[in-house]
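> Before anything else, here's the structure in question.
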Amino acid sequence: MAEQTLNIPQLLVFIVVTVLAVRWYFSKPAGAGTRPAAATRATPRISQAQIDQISQMFPQVERRSIAWELSRNGGNVTAVTEKILSGRALETPPVSFQIPTPRTNTPSRTATPVAKAEQPDLITRYNLASKISKAPESASEEQSKSKAWSQDRNERQSNLQKRREEMILAARRKLEEKEKAKAKA
Amino acid sequence: MAATGSRRLFKEYRSLSSDPPEGITAGPIDEEDMFLWEALIQGPEGTPFEGGVFPAELKFPKDYPLAPPKMKFLVDVWHPNVYTNGEVCISILHPPGDDPLHYEKASERWSPVQSVEKILISVMSMLAEPNDESPANVDAARMWREKREEYEDIVRKNVKKSLGL
């Protein structure tokens, strides 16, 4: 079927491509000395994000192979993805090849949630540092008073804020006492 | 539409302030914008969350109460039904007809007869009893299932850290 529709220009293109491919293939092992230079020249084009992207899709494929493939095709993520999807094995990178940045063994996905950006604690968030040592008696009085609904908007706002602060400070005091009791025991 | 929403939110704010449920404080951050609230939820007793206070942000859509708000914790909450960015994933926050897999019954999901109070109470009981069926945080869910002690340890550490101790 394909042979029937093949014409001469197509045939020529095919031959040229084949010749180039064969030449390129055979020139590789010969230039062992020049390859590291070639690799480093190519590497700036690939980024960790690209490797990560593919690595997350195909965790079974080695990151080094992905990086090597990317560095050879100029950082084309789609092409690498298609190659893996089509079932062709990625070429094993030469020993001299190194992934651009030394962040090669990134933490596995399971570890990342624990190590993510930290949230500020409640004392910092609500600016309570100065109120930590305040006596609790007066505070509980205030709390019962502030439970009522006020007609005044500003009073409502400050009541709500008081209730929030009291809730956090009470929790902190309770936990502190518990910790102390535990330390004594 | 927005006027209906803010009137309803104001009513809910009033009833939550005059008769607050145990361990819950909630209200708009600024009454100028009734569609952005902040809530504090106490960790339920008898769970590793006990003793903690968990702040969360509630973002209401302009067509509230037809559509549910989005809720996001503002401290680290290690829990199977809380995404690592703090977003809460429970059935009451899902609009009806949004669940092609039928994990949840329609009666459990959001409808205008629900309220902020019901959401916060549901979240409180979710802290005590995670729903293992459709986890938002797969790692936390696995740990909860397989290494309960490790899970509780992380939760307790987060509680201490959030109170600045």
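Cβ from N, Cα, C; glycine included.
When I checked TrEMBL for this same protein, it listed these features:
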TRANSMEM  A:6-26  transmembrane segment
DOMAIN    A:46-89  domain 'CUE'
COMPBIAS  A:99-111  compositional bias 'Polar residues'
REGION    A:99-120  region 'Disordered'
REGION    A:132-167  region 'Disordered'
COMPBIAS  A:142-167  compositional bias 'Basic and acidic residues'
> The transmembrane segment (A:6-26): which same-chain residues, six or more beyond its ends, come within Cβ distance under 8 Å?
none
> Is it possible to list how many residues within the domain 'CUE' (A:46-89) are helical, extended or coil according to DSSP?
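Its residues divide into 29 helix, 0 strand, 15 coil.
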> Grab the pLDDT values for the domain 'CUE' (A:46-89) and give me their mean, rounded.
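On average, pLDDT over the domain 'CUE' (A:46-89) sits at 83.
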